[in-house]
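Everything on this sheet refers to the single structure shown next.
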Amino acid sequence: MSKESLSSRVSNWFKDRLGLDDLPLFKTPDYMFHVNEWLGALVAGAFFYTVISGLILLLYYNPEAGYDATETIINTVPYGSVFLYSHLYGSYAMIILAYIHMFRNYFTGAYKKPRELLWIFGVLMLVLTLGASFLGYSLIGDVLATSAVDVGAGIISSVPQLSFLLPILFGNYDSGDFTRVLAWHIILVALIGFLFVFHLLMAERYGMMPSRKVKPKAPAVYTKEEDQKFNPWWPRNFVYMMSLIFLTWGFIIAIPNALAYLNGLPQELDPFLNPKPAPPPSSPLAAQVTTYPPWFFLFVYKIADFTSDVVLFLLIGVIIPLVYLLLVPFIDRTDELHPLKRRVFTGIGILMITYLVQTSIWGDIQPGIQVSVAEQVLAYLPPAIIVAIGMAFLPYREKGSTRTKVPMFKKAQFSSPIAVLLFMILAMLMAGAATLFLASPSPLSAAIFLPILSLFVFYAKALTPVAIKAMPQGDSSASDSTSETINSTDVIKLERKKRIATYMIGVLLIMSAIIAADMWTIPSTGFESNMWGIDLGLLFIMLGEAISLYHYVVYKKPNESYE
Amino acid sequence: MLSFHSKKGDKKVLSPDEFHFIRELTFAIRNKGFDPKEFVKKGDSYLFNFAEKNTSGIDEKRRNFLKAMVIGVGVVTVAGIIPGLRVLVPPNVSAVSSFPKSVLLNSSGSPLKASSISVNSPIIMLFNYPLSGEPNFLLNLGDSSGKPVEVPSSTVTVPQTGDKYTFPGGVGPNKSIVAYSAICQHLGCKPPFIHFYPPKYLTPAQLTAPEPDTLTAEALASAKSAKAPAIIHCDCHGSTYDPYHGAQPLTGPTVRPLPTVLLEWDSSTDYLYALGSLGVGIYPEGANGVPSKNPTVDLSSNFGSSVGDKTEVKEAENPFSS
């Protein structure tokens, strides 16, 4: 015991005092250290960031002068704009990640026994998140926020039985007093935190959803005996989680500040891409602003154009999807987990995503334009038919039957001289489109740039192994080692990668030191302060990446396959 | 973990780390009480335990080095965050307890001469007072022939409350210069949507003029009955004010007059000073605010800062096209 190092003594002290070994924390099998399994941690990371930045904003926000307070935070509070914009984007990230987290678990059948309650709490948290985001958005007090509240209040008050809710929810919002909205915003977030505790404890209790290869049927949980063999929560699980959380924070902080720093973004542009508030409703400029709901409610806004009957609208837009999601664990009662063995539910899931995206985009392009029933059928029937046909005829192959994976493109095709020439043209197009996009950011230039960029990335990714490793063309069997035994070349490869990872941590240390030094020289207010925000985001990204590389070097085993 | 050179058929080669480990282990076996009898009895496991206890091990060293680097990145991140802690320090709000006395400057930065202000100018002349972001009209009123008229003191009634206050009248060489808040008391519209209509433009021709110069028939009629040669009119919703009588409302929807800026004219230098505000509170920025009855409430606001002892008069624009 004499030769124990200081760090392991400190680590053990905490482990002992916090009783980490006795807590019902899930032990994680090696194959689960992939971001797919950790989407919940990303949502939680976004949640914690938003809470922290929100509490800082609470020090300055004055609900009796919402717009003024927002402007003051942006213009005069040191680094106020950094925290305000990243608070906004933290909530955006939380919404998007929550959707991804939910649908991923929907398709893996993670709502099934014994995780029904876990799922229901998750759906409730999504509802609370959307509500809290709406209220938070209203606190800005600009013309978009006030008109969003008007629309929301209009929807509520058009159901006579519900109009008693208006003063309870909004108070004197119309006369500029946001006290109640602020209070509800905080209350809903506190409720999310409360549900989160149970959600997390249940997730730790049942463990993450095991791979279908290991547990193909519904109660998909590891037994106590199996669980004992896995990696204990401390420290590997903790280290991996921290890397993901810091990476999430980094992107949340860096992106909006970069958008604000590139102040070429005009105010009228899509509110999603512009963290700055719109003019106040009393300003004459407000007349020129197209009123939008916040982007995450665009779908509800569009459904309002489908029918003048509010009850019907609430049913289609809110109640039916919500009730379905809450009840799905009890409707889908089989023990099958494979998406193709639950074809109806998989189909409904795909349609829900399709309709959500479709209706949101529609609401963005044509807000408030009435849609006839014929147009609705034209818009919503084809996806349903395609999904139905797909679900009916997509073949399901039993496991064990010989599966020959046919790659969509052979790697060799990418390295033929003509293909490389094509790639170079694509690269030049991409550079041109990027310049165009940066010079005049507009939906049009984005629409040109993004497809070319994705094509470029796809192509570059396909070409990289050929270019870097000088892979023999047309030979794909070399890397195919499915055997369980640890191959000594695998070990060597892994060791080499780990060595590279070690150097990368060193590089990250140097780069982060340079950035941190730079951060001390940036003024704390005004548009330059957003540069500080970009730097802070980069620091968190580098910290997250360094921890991730540390995790790779220290814990990664040569036989951890992704299942 | 042992590592080998990678090409197939190569001999196993020791890495420096392993070499170091073996040296350390042999040293430990010689000097730290390695018991060969135990080794024979217990076999491999004894050796492994011994090695683990008595050598630092390859992994341990490398791991500590990595840990140090990662902690380094963490420390650097904290160092980068430290200047950000200034977010907790509230910015210094220059609290104003009373109205500042501010000299009006022209666009070149020198004090504005009262006699240089043109009479019944259609150009919107604005200065911020008492806080930045609170614009006020500066008007040199005249009759319909363009001669400056003396603006007398008068009593202004606030229709909303029935309160009355005394408007002190014009200042300057002809006692014709007045100043009013340029934020409409109805819903806070600002110039050019609210502005001054000189006598030349107080005609039925303006009924069909494009925004922001459209007069309502009601405004025209009320100006006529009040015998006002010129008016202040807000194009947003049609509120009309009489600049000759303390910006008393002539037509709704406004229920409050525009607050008056108290001016002082120094006859020896011909300079103008803003001294304070009179009437109701300036229409507050922000969502659907309701101004206070008391103009000094504005000063205790945490938002915006005092203009200080000077404020520039900007000749914003001429809203009339012809």
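Glycine is treated like the rest: Cβ placed from N, Cα and C.
Note: TrEMBL annotation is automatic and uncurated.
Marked as domain 'Cytochrome b/b6 N-terminal region profile' by TrEMBL: A:10-212. Annotated transmembrane segment per TrEMBL: A:38-61, A:82-102, A:117-139, A:151-170, A:182-203, A:238-262, A:310-332, A:344-365, A:377-396, A:417-438, A:444-463, A:500-520 (among others), in sequence order.
Highest Cβ contact count with the transmembrane segment (A:238-262) among the listed stretches A:82-102, A:182-203, A:500-520 falls to A:82-102 (criterion: pairs under 8 Å).
Restricting the average to the domain 'Cytochrome b/b6 N-terminal region profile' (A:10-212) gives a pLDDT of 90. In summary, the transmembrane segment (A:38-61) does not lie against the transmembrane segment (A:377-396): fewer than three C-beta pairs, each 6 or more positions apart in sequence, are under 8 Å. Only residues 6 or more beyond the boundaries of the transmembrane segment (A:500-520), in the same chain, are considered here, and those with a CB under 8 A from a CB of the stretch are 532, 535-536, 538-539, 542-543, 545-546, 549-550, 552-553. Note: the stretches the transmembrane segment (A:310-332) and the transmembrane segment (A:444-463) are not in contact (fewer than 3 CB pairs below 8 A, sequence gap of 6 or more).
Where the transmembrane segment (A:117-139) meets the stretches A:82-102, A:151-170, A:182-203, A:344-365, the count of C-beta pairs under 8 angstroms peaks at A:182-203.
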